[in-house]
Amino acid sequence: MKTTTMFWTVAGLIGAAAAVPAQASSETPSPTTSGPAPTCTAALVTKLCDYPQPGPDFAIAYDKESCWQYCNAHGPCNFVIFAAGNPNTGSGTCWLYPGETFDASKGRGSGCANPYLSVYDKPTCTGGASTGPGDGVPSQCSAAVATPSSLAEICGYPTPPDGCFAGCAASRSASECLAQCAKADACSYVVFNPGNPSKSPYSSGNCWMYPEGTYDSSKGETCSGKPDQYVYNNTCPRPSPTTSKASSSTGGMGHADGAMANKAGGASTTTSDNAAPTGVVLSHGLVVGAAALAWNAL
């Protein structure tokens with residue numbers, strides 16, 4: 001009876017040990033916190049009665065100062081138009097024209113009692129939290145991320161090899177998509193798919209990140225209308241692989257073998273990917289120890 005009790009006790013320990021989940025990496029990035037808004041100023045260029053409105057994605061209800069901040073955070077923004085609304089509250093509508101320059105010939109400055117459109121030059125902002133897509137990437141490529149130049153504008157390009165299991169994400173713009181690629185452990189190029197009516201790369205959409213290889217124009221299709229995919233190369237250097245750090249901290253043969261395989265194949269492995277094998281090794285150690293106790297007891 002005593003032997004049977006000991007057997008089932010040890011069996012319970014073995015089951016519990018096998019169920020222990022792998023520990024998550026301690027190097028998981030902390031969530032980004034929003035800070036105070038920057039202080040922005042902008043020079044008044046002119047006042048108009050009329051000017052072509054931007055698409056619905058770029059007309060936002062704001063006050064004047066917030067309009068400047070929005071322009072600063074959603075580049076490339078070379079000028080902004082504030083359409084005055086309620087004079088008592090200072091509210092109105094902010095018109096953005098990403099990637100464009102102000103064209104005075106398109107506007108009408110006379111013929112109305114009160115020109116309500118105020119055209120401002122590119123805002124100058126200081127202080128506050130950095131919110132531009134070029135923030136957080138290596139300094140040598142922040143300009144390329146802030147004002148990306150597309151390699152191709154196409155339709156029908158296939159998703160990444162993993163079928164969007166891990167290589168796809170929502171993005172506020174093509175610029176932010178390229179920034180996500182620059183921060184990734186492995187990203188060769190991206191395809192930005194606008195999810196907005198105007199199909200503009202400066203508004204929200206889906207970001208497809210390709211871990212290796214180069215853009216293959218033969219995989220795309222001819223567009224019947226406006227292109228709905230924008231391709232960008234990642235010109236930023238890759239982050240340093242963390243596999244060696246994980247190997248030295250655990251000392252496991254499995255990690256050493258994985259590091260050699262990565263070196264031979266040229267693929268980088270993040271610390272979080274190595275967390276699961278570590279948990280499995282620890283669980284097996286508990287199983288072996290429990291089995292030894294059972295044998296001695298019997």
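Think of each number as a place in line: the chain as shown, counted from 1.
Cβ coordinates are placed from backbone N, Cα and C, and glycine is handled just like the others.
Summarising the annotation, TrEMBL assigns compositional bias 'Low complexity' to 241-250. Feature annotation from TrEMBL assigns domain 'Apple' to 62-96, 171-209. For 234-273, the entry in TrEMBL reads region 'Disordered'. The signal peptide annotation in TrEMBL covers 1-24.
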Averaging pLDDT over all residues of the domain 'Apple' (171-209) gives 91
Residues in the domain 'Apple' (62-96) per DSSP class, helix first, strand next, coil last, are 10 helix, 16 strand, 9 coil
